[in-house]
């Protein structure tokens, strides 16, 4: 959107035949105040009349009688007012809302009791700025017209800068008038710059903005220099965006996603586009294999041309969960001298541009006591498993030895079957003698009785 400002001088002088003569310049659509002020006492009950002069024709715009009867004419009179509360101060100025081109011209102010004690002449000039065509396509030529009604002859010049076009008109007076007109174009309204940088941390989500006006068709995205769109947006549901919103959403930024992307479209056969550079950021660490050795953190960006300075901060939380950020160093790299429990937590690298902070990248240092606890728990668990397996192995070995001995004994006996028969026969004879001895003993006890 382009703002256009026109500055014009207004001459103010006293001419013979009039109490005062003034010139007012106002912007079309705004409120105009036509001055009619006197220091001569007029009285409380007064007649006030405002007349518009068009050639030889005079038309009453607004009038109030001494009786308080008020009259409004057609045209500007329907949008006019003269505050009654200001009459006692000698102020009979006319207020006209919503200025239009046809309202420009000469106005006469009269005020008095019985006869006109004040007769002021005010020239009202309406300033308008217009464009041809009214709604151009971005990149095309536009004709800018500044119109003052009634015409004011004066020298003028045009200057441009910062996307603003200013037209200055040199006049003789000290007062100035201003007209502003916004220029709307068909094309892309966001981002406004043809090349915009977007910063994102590796692993985070990011959106590349691209919003088109009505009439832009066949929009598409591509990565310059033969690159491809990130995998996380290859099947992006761009159709779910609002009408005109062609923004590209990346669910997870990878290190290789950095580069320049182009959002293009077509309007009236003309190609319009916006280029967005995605700059990825991450913290890279370098440490020795020794325990509690220093760790060097480096803030790495895929493109550092827009960065003016770096800042390292530490983020901590108290028992209530309140977040606290402590600035530590203004450099691209930072060294943590010793990996202790006190240094665990979140470390962040902030990077700045000319207009302020651009983004940040974080690095998390795990709690050392937690890691040591894990190691201790892991070692204890391993020792228990080893002890259990050793005991099971010894028991199994003892059982196997006993089974082997039994097997060997049975095998040795089976090798001498005759000896086995003698052993069994001897055992049987011994058992028979024992039974006979028991019977003889029982029989003798009965005989004694």
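Even glycines carry a Cβ here, placed using N, Cα and C.
The compositional bias 'Polar residues' annotation in TrEMBL covers 231-240.
The compositional bias 'Basic and acidic residues' annotation in TrEMBL covers 427-449.
TrEMBL lists 10-125 (among others) with the feature domain 'Ig-like'.
According to TrEMBL, the feature domain 'Ig-like' maps to 191-273 (among others).
TrEMBL lists 274-350 (among others) with the feature domain 'Ig-like'. Across all of the domain 'Ig-like' (274-350), the predicted model scores a mean pLDDT of 88.
Annotation comment: TrEMBL describes 224-243 (among others) as region 'Disordered'.
The region 'Disordered' annotation in TrEMBL covers 425-449 (among others).
Annotation comment: TrEMBL describes 1-17 as signal peptide.
With a cut-off of 8 Å between Cβ atoms, none of the residues of this chain six or more beyond the transmembrane segment (383-404) come close. Annotated transmembrane segment per TrEMBL: 383-404, in sequence order.
Secondary structure counts, DSSP: the domain 'Ig-like' (10-125) has 14 helix, 59 strand, 43 coil.
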